[in-house]
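Down below is the structure, laid out as structure tokens.
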Amino acid sequence: MLGPATFLPLTAALLLLIPGGRAQFPRQCVTPEALRSGQCCPGLFPALTPDPADRCGASVGRGRCAPLQVDARPHGPQYPHDGVDDREQWPTRFFNNSCLCAENFSGYDCGSCKPGWVGVNCNQRVLAVRRNILDLTAQERRRFIAALDLAKRTTHPHYVIASRRYAEIMGPDGNSTQFENVSIYNFFVWTHYYSIGKTFLGAGRESFGGIDFSHEGPAFVTWHRYHLLQLERDMQEMLQDPTFALPYWNFAIGGNECDICTDDFMGARSNFDSILLSSNSVFSQWRVLCESLEGYDTLGTICNSTEGGPIRRNPGGNVARPMVQRLPEPQDVALCLEVGLFDTPPFYSNSSESFRNTVEGYSEPSGKYDPSVRSLHNLAHLFLNGTGGQTHVSPNDPIFVLLHTFTDAVFDEWLRRHNADISLYPLENAPIGHNRQYNMVPFWPPVSNNEMFVTAPESLGYSYEVQWPSRALNFTEIITIAVVAALVLVAVIFAAASCAVHRSRKDDVHQPLLGEQYPRYSEEYERDASQSAV
């Protein structure tokens, strides 16, 4: 989380935290010359090298310009239009060379450090700790909300977004590239939108919607993990605080109340319109990016930096779907964590006994696929019933950040509990974009799914503080325990009865041979102690 108020100013060395990968592209790479060359290998002159011809920090041993590696293995049958979409074999439609960084160096120009490392030589460890937003102090909470709002209003210092497909990227005159500035938070929104958009098949043809590079497949957890890491690192740089961490919302609390939908947290309901946010929350002033999905799909345009209407939210208010009027239960998380397989064929939203499909929310918490079920991540989104419940615009509601941070915490805990290794992730035949070695769309420089299939504290520079629920007993287990308890009780009663019978028999054996009317030896001795005891 944000460091305490007494946090010392960072040295210039610690400020080398330029994020390691982003989308769309760095400003240096969107000139007509760079796009025509297919190379995006900016240099570090004059910041870190005196060589004006430097590329990727090669002159100081930080990296080199190298051909891109892309996944060419077969994808699943869900997408039949190979060769049409700009996002296929990402990012080769735009570039075929990028910076390949050495050791702990990272970034589009190798000028920054890998997650978890800081310093001029990227040799100092740092760990950001993600905590429950309800556990933050009032000061920490206010600083986090203020930081989000600042990110919404601050132009991204490094990256720009495309406003046209590749076929139109050079502009009407063939020499005016179609990219726009965007704020840090809206950049986060735009990358999510770009990953889920339909495939444009041409004017007058219906766009193809059976494609999603960040949902309904194995990459759901890896893509969103990097998506969050991107925002966190952007905000660390903005705040000049390498310990800044995104908090999480534990949405698995059951019931029909949103415990963070208050003005102290993420915004209460407006007193004047129940689907808008209270004017006492800064988030009521936020405007939504990428709303006009229909226009994008039919005209082949791409969402640009233009904002639209306000955030809408009506938690638990979808009366037409009672099943999404309640949040997931704590036991849903416990059950999900016990699902042993990461993913199962067809590696899609109808996979059964798949941890990924379970945490995404297309299966029952136990892992069994049921087309009528929406659970965990999906249920939390649908419960919000507004901007946060619509996939293409959901990141506009800042609750998205907290919801997905908790989802990532579940993923990280599953990796730890199951000692998961990359062999569990499908190498091929997953939906397009979801194979193990596919470069996640639209991050730059390229980041593959397998790079995010690791435990976070050891590899990604952050950890979680979470108390995980224990799993409740199911009906069969309760019956089994009851039967065993009954058998134990019967055994105890039988043992007690046996002991009583045994004691009774033992007492019979030791009954005196003489009755009470006969004097005992001791009595005779006591009456005449002078007589012989023989």
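Using N, Cα and C of the backbone, Cβ positions are placed for all residues, glycine too.
For His215 (Zn(2+) A binding site), the Cβ neighbour count at a 10 Å cut-off comes to 21, with all displayed protein chains included. Following the DSSP three-state reduction, the secondary structure of His215 (Zn(2+) A binding site) is coil. Residues annotated as Zn(2+) A binding site in Swiss-Prot, with similarity to another entry given as evidence: His192, His215, His224.
Per Swiss-Prot, Zn(2+) B binding site is recorded for His377, His381, His404, and the stated evidence type is similarity to another entry. Counting only same-chain residues six or more apart in sequence, the Cβ atoms lying under 8 angstroms from the Cβ of His377 (Zn(2+) B binding site) belong to Val359, Glu360, Gly361, Leu403, His404, Thr407.
In the three-state DSSP scheme, Asn96 (N-linked glycosylation site) is classed as coil. In sequence order, Gly38, Gln39, Pro67, Leu68 are the residues near Asn96 (N-linked glycosylation site), counting only same-chain partners six or more apart with C-beta under 8 A. What Swiss-Prot lists as N-linked glycosylation site is Asn96 (among others).
Residues or ranges marked as N-linked glycosylation site in Swiss-Prot: Asn104 (among others). Counting every protein chain shown, the Cβ of Asn104 (N-linked glycosylation site) has 19 other Cβ atoms within 10 Å.
DSSP assigns Asn175 (N-linked glycosylation site) to coil in the three-state reduction, outside any helix or strand. If you look up Swiss-Prot, you'll see Asn175 (among others) marked as N-linked glycosylation site.
If you look up Swiss-Prot, you'll see Asn181 (among others) marked as N-linked glycosylation site. Within the same chain, residues at least 6 positions away in sequence whose Cβ sits under 8 Å from that of Asn181 (N-linked glycosylation site) are Thr155, His156, Val160, Ser305.
As annotated by Swiss-Prot, N-linked glycosylation site applies to Asn304 (among others), with the evidence given as sequence analysis. Here Asn304 (N-linked glycosylation site) comes close to Ile161, Ser163, Glu180: these same-chain residues lie at least six apart in sequence, with C-beta atoms under 8 angstroms from its C-beta.
Sequence-distant neighbours of Asn350 (N-linked glycosylation site) (same chain, six or more apart, CB under 8 Å from its CB) are Asn357, Tyr362, Tyr369, Pro371, listed in sequence order. DSSP classifies Asn350 (N-linked glycosylation site) as coil under the three-state reduction. For Asn350 (among others), the entry in Swiss-Prot reads N-linked glycosylation site.
Residues or ranges marked as N-linked glycosylation site by Swiss-Prot on the basis of sequence analysis: Asn385 (among others). Asn385 (N-linked glycosylation site) has a Cβ environment of 22 other Cβ atoms inside 10 Å. Asn385 (N-linked glycosylation site) falls outside any helix or strand according to DSSP and counts as coil.
The signal peptide annotation in Swiss-Prot covers 1-23.
The topological domain 'Lumenal, melanosome' annotation in Swiss-Prot covers 24-477 and rests on sequence analysis.
According to Swiss-Prot, the topological domain 'Cytoplasmic' annotation covers 502-534.
Taken from Swiss-Prot, the feature transmembrane segment covers 478-501.
Cβ neighbours of His192 (Zn(2+) A binding site) (same chain, under 8 Å, six or more residues apart in sequence): Ser214, His227, His392, Ser394, Pro395.
Comparing the Cα of Asn104 (N-linked glycosylation site) with the Cα of every entry in His215, His224, His381, these being the binding-site residues, the smallest distance points to His224. In terms of C-alpha distance, the listed recorded positions Asn175, His381, Asn385 place His381 closest to His224 (Zn(2+) A binding site). Same-chain neighbours of the Zn(2+) B site beyond His377, His381, His404, judged by a C-beta within 8 angstroms of the site's C-beta center, are, in sequence order, His224, Gly361, Leu376, Asn378, Ala380, Ser394, Phe400, Leu403, Thr407. Just so you know, of the recorded positions Asn175, His224, His381, His404, the Cβ with the fewest other Cβ atoms around it within 10 Å is the one at Asn175. In this structure the alpha carbons, written CA, of Asn175 (N-linked glycosylation site) and His381 (Zn(2+) B binding site) are 42 Å apart. Taken residue by residue with DSSP, His192 (Zn(2+) A binding site) is part of a helix.
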